[in-house]
Each structure stands twice: as structure tokens, then as C-alpha cells.
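Report on one structure; see the data block that follows.
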């Protein structure tokens, strides 16, 4: 007797409704919630994109010259520095790039894959996605070519151009990925709030540390947040779909007669 099992019947409940796979429960959304999420997503991406474009145009027209509030905030920070707080700012800013950021991106990608035997594929996807985001940020910074604040005001010594901030963009992208996957996995409302708040506060603090350390103008940091918002809102759904495909259960092949 032929054993031709396509598992279609086994994948249905008694009422005839298909059972959603684990990856669907983690990545997928009900129809009404998906439509509402799409509306919010397009609104946020559009608003952030418009603000980023306006800010970018203003910076280019001024040839990178800092705005009045840039210089004012910079002077205020210089006047209120504290040695102990400076050490904390250096420690915080170091988590925004390098090994820490890539490890967190890998963790986010691994958690997004439901089948743990394929966690490494998710980790690789998370790292590659972050690399692409950084490549775009670096390209934009080279095109704009904005100079940093005076080097005598630096507490740490960065490289490259200022606009948009690399640490800010990178940490915000990582935070968005972590928040998305942790939010989907959380079951309690309080846990979901924490899943979004903790990565968000971390990324926000990294951005502020760049201003405190004297290596970025405030608009550099704001542009980094805007760029990360646009990239995350536009790209995370596609990345989530890719990771869901990586982790989905493969149906058994039909046995020959």
C-alpha cells in the first residue's frame, strides 16, 4: 500500500482550520492586526523619512555647519561634564558598535527562527542585515561629509564623518530587531512592554552618549535615529518573513509505492 502522506490532513484541526506552525505564531499576525500594523508602519516610515530628508537637505545646504541649537547644546554639555559620568558614557557608547552590537544582532536573528537546529542561520541573517544597514549609513556619511565637533572637546576618538551618527544608527537598528522578536515571543503585557522599553532605552542612551562625549552634534544623533527607524520599519517585516521561512517545518516527501 502506498504511503503518500502530504500531512495536509494532519495539519488541520477537527473543524477544518489549518494549524499554524510555530514560525507563524512568532512572526505572523491575525488579519485585522496585520492591517492595523501595516498602517502604523507606513505612517511611521513616511514621517521619519520626511524628517530625515528635510534634515539632510538642511545640513547639505549649510555645508555641514552646525545649527544654533547644535552649538548651544554642545556648549551646555561641555559645561556640565563630570568625570564619573564621562566613564559611564564611554562604557555605554562602546556597546553601540563592535562585538556587542553584532552579538545582539545575532541573538535577535537566532531568536526569530523557531527551529533551534537552524538558529545559526538566523544569527547569520541578523549580522548580515546589520552590516547592510551600517554600509548604507557609512555611504550616506561619506556623501554628506559633515565634520565633527572640535577635536579638543572629544573624550573618545572616533573615525569618519559625523552625519548620521554610526553608533546611534547601529544601536537603534539592533534595538529594533531585539524589540520586534522579543515582543512577538512575549505573552504577558508587562513582558511586551519590557521587550520594547529595555532595547529602546539602551539605544537612546547610546545616542545621548555620543553628544556627551563631544564627538557628534545633536542633529547627527537625531538623524541616526531617523535613519534606523526608516530602515527598521521598512526592512524588518521582510527579514522576519525570511527568518520564518528558514525556520518553518518542511513537509515529508511522499514515499514511493
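The backbone N, Cα and C atoms fix where each Cβ goes, and this holds for glycine too.
Record features (TrEMBL):
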type	residues	note
DOMAIN	124-236	domain 'Phosphatidic acid phosphatase type 2/haloperoxidase'
TRANSMEM	42-61	transmembrane segment
TRANSMEM	88-113	transmembrane segment
TRANSMEM	120-144	transmembrane segment
TRANSMEM	164-183	transmembrane segment
TRANSMEM	195-213	transmembrane segment
TRANSMEM	225-246	transmembrane segment
Same-chain residues at least 6 beyond the ends of the transmembrane segment (88-113) whose Cβ lies under 8 Å from its Cβ atoms: 23, 26-27, 119-127, 129-130, 155-156, 166-168, 170-171, 173-174, 177-178, 180-182, 185, 202-203, 205-206, 209-210, 212-213, 239-240, 243-244, 246-247
Tertiary contacts of the transmembrane segment (42-61) (same chain, 6+ residues out, Cβ under 8 Å): 67, 140, 144, 146, 163, 219, 222-223, 226-227, 229-230, 233-234
Distant-in-sequence neighbours of the transmembrane segment (195-213), which means Cβ under 8 A and at least six residues beyond its ends: 73-74, 77, 81, 85-86, 89-90, 92-93, 95-96, 154-156, 165, 167-168, 171-172, 174-176, 178-179, 182-183, 185-186, 220-221, 224-225, 228
Structural state census, the domain 'Phosphatidic acid phosphatase type 2/haloperoxidase' (124-236) (DSSP three-state): 87 helix, 0 strand, 26 coil
